[in-house]
Amino acid sequence: MRIGLTGGIASGKSLVATYLEKQGIPVVDADKLARQVVEPGEPALAQIVATFGEHVLQDDGTLDRKQLGAIIFGDEQKRKQLNEIVHPAVRQSMKKQADLYEQRGYTRVVLDIPLLYESNLFHMVNQVWLVYVDEATQLRRLIERDGLTETEAKQRIAAQMPLTAKKAQADVLIDNNGTKENTYRQVYDALAKTAHE
């Protein structure tokens, strides 16, 4: 079974992913793969430079994430262009990793995909687990975690699909507004149910 783990920005998805790994469930991290596919020498980086210009590279030839972020956040068309380059490369890597885990005998593999809904990747998973927090908590965590201004944080939240729409399509909802222990209990219960499916 492939479980799609997702959640809004700063919802606590990483907390859940770490807990799942500690339970012996392999987690394939889309964000980690997204960083790997844009390393120097990778085809996706060459496409990004061709699309957005040399100024998105640092002096050492690596991607200047801050520069690229400034270009795409708040510009729907440019963000779409970037996604059309990076997402296919990430999907291919995720599938390859999940296949390897299943070949090794794992019956459950988690695909940690922040933009599962936005990229319509339901076909890659059997179940969708959504980690969520209320908007005020999300905003506070994002400002604290990434050192953003309130305006920048609100822009990043607005760039994602609304939580209410995501909840309607999720198989498992994980409320991360409370304590870590409460979140862990919800994940443990959800795992117990999947053991019989």
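Just so you know, the numbers here start at 1 and follow the chain as drawn.
Glycine is no exception: its Cβ is also placed from the backbone N, Cα and C atoms.
Here Swiss-Prot flags Ala10, Ser11, Gly12, Lys13, Ser14, Leu15 as ATP binding site. If you take the C-beta of Ser14 (ATP binding site) and look for same-chain residues 6 or more apart in sequence within under 8 angstroms, you find none.
The domain 'DPCK' feature in Swiss-Prot is assigned to 2-197; the stated evidence is sequence analysis.
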Report the residues of the chain - excluding Ala10, Ser11, Gly12, Lys13, Ser14, Leu15 - with C-beta within 8 Å of the mean position of the site's C-beta atoms, for the recorded ATP site, in sequence order. Gly7, Val16, Val131, Val133, Arg141, Asn176
Same-chain residues at least 6 apart in sequence whose Cβ lies under 8 Å from Gly12 (ATP binding site): Val131, Val133, Arg141, Asn176, Thr183
